[in-house]
Amino acid sequence: MRMSFGLTFRTAKGRWMANLSRQSSGGSIGLFVPPSPPLDPEKVKELQRFITLSRRLLVMTGAGVSTESGIPDYRSEKVGLYARTNRKPIQHGDFVRSAPVRQRYWARNFVGWPWFSSHQPNPAHWALSNWERLGKLYWLVTQNVDALHTKAGSRRLTELHGCMHRVLCLDCGEQTPRTALQERFEVLNPTWSAEAHGLAPDGDVFLTDEQVQSFQVPCCSRCGGPLKPDVVFFGGTVNPDKVDFVHKRVKEADSLLVVGSSLQVYSGYRFILTAWEKKLPIAILNIGPTRSDDLACLKLDSPCGELLPLIDPH
(Lines of atoms letter the chains of each structure in order from A and count residues from 1; the text may use other names and numbers.)
(Lines give C-alpha, C1' and ligand atoms only; values in the text may rest on other atoms or scores of the structure.)
Protein backbone atom coordinates (compact mmCIF):
# COMPACT_ATOMS: atom_id res chain seq x y z
CA MET A 1 0.00 0.00 0.00
CA ARG A 2 1.42 3.37 -1.01
CA MET A 3 0.75 6.18 1.45
CA SER A 4 1.73 9.83 1.76
CA PHE A 5 0.62 12.38 4.30
CA GLY A 6 0.88 16.13 4.49
CA LEU A 7 -0.03 17.94 7.68
CA THR A 8 0.53 21.67 7.60
CA PHE A 9 -0.02 24.27 10.31
CA ARG A 10 0.09 28.00 9.79
CA THR A 11 -1.25 31.11 11.42
CA ALA A 12 -4.10 33.03 9.84
CA LYS A 13 -5.37 36.16 11.58
CA GLY A 14 -4.06 34.87 14.88
CA ARG A 15 -5.70 31.45 14.60
CA TRP A 16 -4.06 28.15 13.88
CA MET A 17 -5.23 26.39 10.75
CA ALA A 18 -4.64 22.77 9.79
CA ASN A 19 -4.66 21.08 6.44
CA LEU A 20 -4.37 17.31 6.30
CA SER A 21 -4.09 15.56 2.99
CA ARG A 22 -4.00 11.80 2.67
CA GLN A 23 -3.38 9.75 -0.42
CA SER A 24 -3.39 6.01 -0.59
CA SER A 25 -3.78 3.42 -3.27
CA GLY A 26 -6.24 1.75 -0.91
CA GLY A 27 -8.38 4.83 -0.31
CA SER A 28 -8.85 6.78 2.91
CA ILE A 29 -11.35 4.35 4.46
CA GLY A 30 -9.48 1.68 6.39
CA LEU A 31 -6.17 3.44 5.78
CA PHE A 32 -4.55 1.87 8.85
CA VAL A 33 -6.52 -1.40 8.95
CA PRO A 34 -4.38 -4.39 7.93
CA PRO A 35 -5.69 -6.84 5.33
CA SER A 36 -7.87 -9.65 6.64
CA PRO A 37 -9.81 -12.63 5.26
CA PRO A 38 -13.56 -12.41 4.63
CA LEU A 39 -15.86 -12.93 7.61
CA ASP A 40 -16.37 -16.60 8.39
CA PRO A 41 -20.07 -17.14 9.25
CA GLU A 42 -19.21 -20.11 11.45
CA LYS A 43 -16.71 -18.05 13.43
CA VAL A 44 -19.34 -15.33 13.86
CA LYS A 45 -21.73 -17.94 15.26
CA GLU A 46 -19.03 -19.14 17.66
CA LEU A 47 -18.46 -15.60 18.92
CA GLN A 48 -22.22 -15.12 19.27
CA ARG A 49 -22.39 -18.24 21.42
CA PHE A 50 -19.41 -17.03 23.50
CA ILE A 51 -21.13 -13.68 24.17
CA THR A 52 -24.53 -15.26 24.82
CA LEU A 53 -23.07 -17.55 27.49
CA SER A 54 -21.19 -14.70 29.18
CA ARG A 55 -22.81 -13.11 32.21
CA ARG A 56 -19.93 -10.98 33.51
CA LEU A 57 -17.94 -10.23 30.37
CA LEU A 58 -14.68 -8.31 30.62
CA VAL A 59 -13.41 -6.79 27.37
CA MET A 60 -9.86 -5.60 26.76
CA THR A 61 -9.26 -3.39 23.73
CA GLY A 62 -6.09 -2.31 21.97
CA ALA A 63 -5.04 -0.09 19.10
CA GLY A 64 -6.78 -2.33 16.55
CA VAL A 65 -10.17 -1.11 17.73
CA SER A 66 -9.27 2.47 16.74
CA THR A 67 -7.56 1.94 13.38
CA GLU A 68 -11.01 2.00 11.76
CA SER A 69 -11.39 5.51 13.20
CA GLY A 70 -8.27 6.57 11.28
CA ILE A 71 -5.69 6.28 14.07
CA PRO A 72 -2.60 4.24 13.15
CA ASP A 73 -1.18 1.58 15.45
CA TYR A 74 2.38 0.38 15.99
CA ARG A 75 2.48 -3.27 15.01
CA SER A 76 -0.05 -4.02 12.25
CA GLU A 77 1.39 -5.71 9.20
CA LYS A 78 2.06 -3.28 6.31
CA VAL A 79 0.20 -0.33 7.87
CA GLY A 80 1.49 0.02 11.46
CA LEU A 81 4.15 2.58 12.44
CA TYR A 82 6.89 -0.06 12.62
CA ALA A 83 6.00 -1.30 9.13
CA ARG A 84 5.81 2.18 7.58
CA THR A 85 8.83 3.83 9.20
CA ASN A 86 11.96 3.13 11.22
CA ARG A 87 10.80 5.47 13.97
CA LYS A 88 10.36 4.36 17.56
CA PRO A 89 7.94 5.77 20.16
CA ILE A 90 9.19 8.14 22.83
CA GLN A 91 10.64 6.55 25.96
CA HIS A 92 9.52 7.56 29.45
CA GLY A 93 13.04 8.03 30.80
CA ASP A 94 14.11 10.26 27.90
CA PHE A 95 11.04 12.47 28.33
CA VAL A 96 11.51 12.91 32.08
CA ARG A 97 15.26 13.58 31.94
CA SER A 98 15.59 15.82 28.89
CA ALA A 99 14.09 19.26 28.23
CA PRO A 100 15.02 19.05 24.48
CA VAL A 101 13.19 15.72 24.25
CA ARG A 102 10.12 17.30 25.85
CA GLN A 103 10.35 20.26 23.46
CA ARG A 104 10.48 17.94 20.44
CA TYR A 105 7.63 15.83 21.73
CA TRP A 106 5.34 18.77 22.49
CA ALA A 107 6.04 20.46 19.13
CA ARG A 108 5.05 17.26 17.33
CA ASN A 109 2.04 16.77 19.57
CA PHE A 110 0.94 20.38 19.11
CA VAL A 111 0.82 19.94 15.34
CA GLY A 112 -0.92 16.58 15.56
CA TRP A 113 -3.43 17.40 18.29
CA PRO A 114 -6.26 18.90 16.17
CA TRP A 115 -6.09 15.82 13.91
CA PHE A 116 -5.86 13.32 16.78
CA SER A 117 -8.53 14.89 18.99
CA SER A 118 -11.03 15.14 16.12
CA HIS A 119 -11.34 11.37 15.63
CA GLN A 120 -14.68 9.82 16.44
CA PRO A 121 -15.78 6.37 17.63
CA ASN A 122 -16.38 3.71 15.00
CA PRO A 123 -18.98 0.90 15.09
CA ALA A 124 -16.80 -1.21 17.39
CA HIS A 125 -16.72 1.49 20.09
CA TRP A 126 -20.47 2.02 19.79
CA ALA A 127 -21.16 -1.72 19.96
CA LEU A 128 -19.19 -2.10 23.20
CA SER A 129 -20.92 0.94 24.70
CA ASN A 130 -24.26 -0.63 23.80
CA TRP A 131 -23.23 -3.92 25.41
CA GLU A 132 -22.52 -2.02 28.62
CA ARG A 133 -25.84 -0.20 28.46
CA LEU A 134 -27.68 -3.51 28.07
CA GLY A 135 -25.82 -5.10 30.98
CA LYS A 136 -23.77 -7.56 28.91
CA LEU A 137 -20.37 -5.91 29.36
CA TYR A 138 -19.24 -6.04 33.00
CA TRP A 139 -16.02 -4.05 32.59
CA LEU A 140 -13.97 -2.54 29.76
CA VAL A 141 -10.19 -2.18 29.94
CA THR A 142 -8.53 -0.27 27.13
CA GLN A 143 -4.85 0.08 26.33
CA ASN A 144 -5.71 3.04 24.09
CA VAL A 145 -5.17 6.68 25.01
CA ASP A 146 -7.51 8.24 22.42
CA ALA A 147 -10.68 8.64 24.58
CA LEU A 148 -12.83 7.08 21.85
CA HIS A 149 -14.53 4.70 24.29
CA THR A 150 -15.45 7.67 26.47
CA LYS A 151 -16.76 9.53 23.42
CA ALA A 152 -18.92 6.50 22.65
CA GLY A 153 -20.43 6.62 26.14
CA SER A 154 -18.57 3.80 27.93
CA ARG A 155 -18.49 4.38 31.69
CA ARG A 156 -17.47 1.03 33.21
CA LEU A 157 -14.02 1.74 31.84
CA THR A 158 -10.37 1.65 32.90
CA GLU A 159 -7.89 3.49 30.67
CA LEU A 160 -4.90 1.30 31.46
CA HIS A 161 -2.32 3.58 29.85
CA GLY A 162 -4.02 6.89 30.61
CA CYS A 163 -5.52 9.39 28.19
CA MET A 164 -4.01 11.96 25.82
CA HIS A 165 -6.85 14.34 26.61
CA ARG A 166 -5.32 15.04 30.05
CA VAL A 167 -2.00 16.69 30.96
CA LEU A 168 -0.05 15.99 34.15
CA CYS A 169 2.58 18.09 35.95
CA LEU A 170 5.58 15.91 36.75
CA ASP A 171 6.32 17.92 39.92
CA CYS A 172 3.02 18.71 41.64
CA GLY A 173 0.76 16.18 39.89
CA GLU A 174 -1.92 18.67 38.85
CA GLN A 175 -4.11 17.49 35.97
CA THR A 176 -5.36 19.89 33.31
CA PRO A 177 -7.28 19.40 30.03
CA ARG A 178 -5.16 18.98 26.90
CA THR A 179 -7.36 21.54 25.11
CA ALA A 180 -6.26 24.22 27.60
CA LEU A 181 -2.61 23.41 26.90
CA GLN A 182 -3.19 23.79 23.16
CA GLU A 183 -4.35 27.35 23.77
CA ARG A 184 -1.22 28.08 25.82
CA PHE A 185 0.95 26.70 22.99
CA GLU A 186 -0.75 29.04 20.54
CA VAL A 187 -0.12 32.08 22.74
CA LEU A 188 3.57 31.22 23.17
CA ASN A 189 4.13 30.40 19.49
CA PRO A 190 2.15 32.99 17.48
CA THR A 191 4.42 32.92 14.41
CA TRP A 192 5.68 29.34 14.56
CA SER A 193 4.63 27.06 11.72
CA ALA A 194 5.50 23.56 10.61
CA GLU A 195 4.76 21.07 7.91
CA ALA A 196 4.88 17.41 8.83
CA HIS A 197 4.87 14.28 6.70
CA GLY A 198 3.82 11.21 8.60
CA LEU A 199 1.40 10.43 11.42
CA ALA A 200 2.25 8.56 14.59
CA PRO A 201 -0.22 6.55 16.69
CA ASP A 202 -0.44 8.65 19.83
CA GLY A 203 -1.28 12.12 18.60
CA ASP A 204 2.00 13.40 17.23
CA VAL A 205 3.57 13.81 13.81
CA PHE A 206 7.03 13.75 12.28
CA LEU A 207 9.03 17.01 12.36
CA THR A 208 12.69 17.82 11.75
CA ASP A 209 15.00 19.03 14.52
CA GLU A 210 15.24 22.40 12.76
CA GLN A 211 11.48 22.88 12.91
CA VAL A 212 11.42 22.14 16.62
CA GLN A 213 14.25 24.43 17.77
CA SER A 214 12.21 27.61 18.17
CA PHE A 215 9.10 25.99 19.65
CA GLN A 216 8.23 27.29 23.12
CA VAL A 217 6.84 24.90 25.76
CA PRO A 218 4.85 26.22 28.74
CA CYS A 219 5.38 24.91 32.24
CA CYS A 220 2.84 24.06 34.92
CA SER A 221 0.82 27.18 35.72
CA ARG A 222 0.60 26.07 39.35
CA CYS A 223 4.21 25.21 40.28
CA GLY A 224 6.36 25.80 37.18
CA GLY A 225 7.14 22.11 36.71
CA PRO A 226 7.42 20.21 33.41
CA LEU A 227 4.25 18.92 31.75
CA LYS A 228 3.60 15.45 30.40
CA PRO A 229 0.52 13.89 28.80
CA ASP A 230 -1.28 11.72 31.35
CA VAL A 231 -0.28 8.51 29.59
CA VAL A 232 2.20 5.70 30.15
CA PHE A 233 5.05 6.09 27.67
CA PHE A 234 7.10 3.10 26.56
CA GLY A 235 9.42 2.16 29.42
CA GLY A 236 7.01 3.60 31.98
CA THR A 237 4.90 1.64 34.44
CA VAL A 238 1.17 1.48 35.06
CA ASN A 239 0.06 2.71 38.49
CA PRO A 240 0.04 -0.33 40.82
CA ASP A 241 -3.37 0.62 42.23
CA LYS A 242 -4.80 0.58 38.70
CA VAL A 243 -3.21 -2.81 38.06
CA ASP A 244 -4.74 -4.21 41.26
CA PHE A 245 -8.13 -2.75 40.31
CA VAL A 246 -8.10 -4.45 36.92
CA HIS A 247 -6.95 -7.77 38.42
CA LYS A 248 -10.00 -7.63 40.70
CA ARG A 249 -12.32 -6.96 37.76
CA VAL A 250 -10.81 -9.93 35.89
CA LYS A 251 -11.32 -12.20 38.89
CA GLU A 252 -14.96 -11.06 39.12
CA ALA A 253 -15.60 -11.78 35.43
CA ASP A 254 -16.75 -15.07 33.95
CA SER A 255 -15.24 -14.57 30.47
CA LEU A 256 -12.76 -12.32 28.68
CA LEU A 257 -12.83 -10.93 25.15
CA VAL A 258 -9.75 -9.29 23.61
CA VAL A 259 -10.55 -6.80 20.85
CA GLY A 260 -7.88 -5.32 18.59
CA SER A 261 -4.72 -6.13 20.53
CA SER A 262 -1.69 -8.29 19.78
CA LEU A 263 -1.02 -8.35 23.55
CA GLN A 264 2.69 -7.85 22.95
CA VAL A 265 2.93 -5.37 25.83
CA TYR A 266 3.05 -7.06 29.22
CA SER A 267 0.90 -4.40 30.90
CA GLY A 268 -2.12 -5.89 29.11
CA TYR A 269 -0.91 -9.46 28.63
CA ARG A 270 -0.69 -10.10 32.40
CA PHE A 271 -4.47 -9.84 32.71
CA ILE A 272 -4.90 -12.56 30.09
CA LEU A 273 -2.62 -14.76 32.20
CA THR A 274 -4.80 -14.03 35.24
CA ALA A 275 -7.92 -14.98 33.30
CA TRP A 276 -6.28 -18.19 32.05
CA GLU A 277 -5.14 -19.15 35.57
CA LYS A 278 -8.73 -18.57 36.73
CA LYS A 279 -9.86 -20.86 33.87
CA LEU A 280 -12.00 -18.16 32.25
CA PRO A 281 -12.92 -18.74 28.60
CA ILE A 282 -10.93 -16.31 26.44
CA ALA A 283 -11.87 -15.13 22.94
CA ILE A 284 -9.65 -12.94 20.77
CA LEU A 285 -10.72 -10.68 17.90
CA ASN A 286 -7.62 -9.30 16.22
CA ILE A 287 -6.23 -9.19 12.71
CA GLY A 288 -2.99 -11.14 12.89
CA PRO A 289 -1.44 -13.34 15.58
CA THR A 290 -1.36 -12.39 19.26
CA ARG A 291 0.73 -13.37 22.23
CA SER A 292 -2.19 -15.32 23.69
CA ASP A 293 -3.58 -17.28 20.75
CA ASP A 294 -2.69 -20.55 22.48
CA LEU A 295 -4.70 -19.52 25.56
CA ALA A 296 -7.88 -18.67 23.66
CA CYS A 297 -10.83 -20.96 22.97
CA LEU A 298 -11.75 -18.77 19.99
CA LYS A 299 -9.66 -16.59 17.65
CA LEU A 300 -11.12 -14.38 14.91
CA ASP A 301 -9.19 -12.36 12.30
CA SER A 302 -11.65 -9.65 11.30
CA PRO A 303 -12.01 -5.86 11.53
CA CYS A 304 -13.53 -5.04 14.93
CA GLY A 305 -16.03 -2.54 13.57
CA GLU A 306 -17.25 -5.03 10.98
CA LEU A 307 -17.81 -7.95 13.34
CA LEU A 308 -18.89 -6.60 16.74
CA PRO A 309 -22.10 -4.90 15.48
CA LEU A 310 -23.23 -8.32 14.18
CA ILE A 311 -23.30 -9.78 17.70
CA ASP A 312 -26.56 -9.73 19.65
CA PRO A 313 -25.64 -8.86 23.27
CA HIS A 314 -28.86 -10.18 24.80
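The backbone N, Cα and C atoms fix where each Cβ goes, glycine too.
In TrEMBL this protein carries:
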DOMAIN    37-314  domain 'Deacetylase sirtuin-type'
BINDING   62-82, 143-146, 260-262, 286-288, CYS304  NAD(+) binding site
ACT_SITE  HIS161  active site, proton acceptor
BINDING   CYS169, CYS172, CYS220, CYS223  Zn(2+) binding site
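When the Cα atoms are compared, ASN286 (NAD(+) binding site) and the residue listed as 'active site, proton acceptor' turn out to be 19 Å apart.
Within 8 A of the CB centroid of the Zn(2+) site residues CYS169, CYS172, CYS220, CYS223, the other residues of that chain are LEU170, ASP171, GLY173, GLU174, CYS219, SER221, ARG222, GLY224, GLY225. Residue environment of CYS220 (Zn(2+) binding site) contains 18 other Cβ atoms, counted within 10 Å of its Cβ in all protein chains.
If you take the C-beta of CYS169 (Zn(2+) binding site) and look for same-chain residues 6 or more apart in sequence within under 8 angstroms, you find GLN175, THR176, CYS220, ARG222, CYS223, GLY225, PRO226, LEU227, LYS228.
Rounded to a whole value, the Cα-Cα separation of GLY70 (NAD(+) binding site) and HIS161 (active site, proton acceptor) is 20 Å. Cα of HIS161 (active site, proton acceptor) to Cα of SER66 (NAD(+) binding site): a distance of 15 Å. Mean pLDDT across the domain 'Deacetylase sirtuin-type' (37-314) comes to 92 in this model. Of all the Cβ atoms in the protein chains shown, 12 others lie within 10 Å of the Cβ of CYS223 (Zn(2+) binding site).
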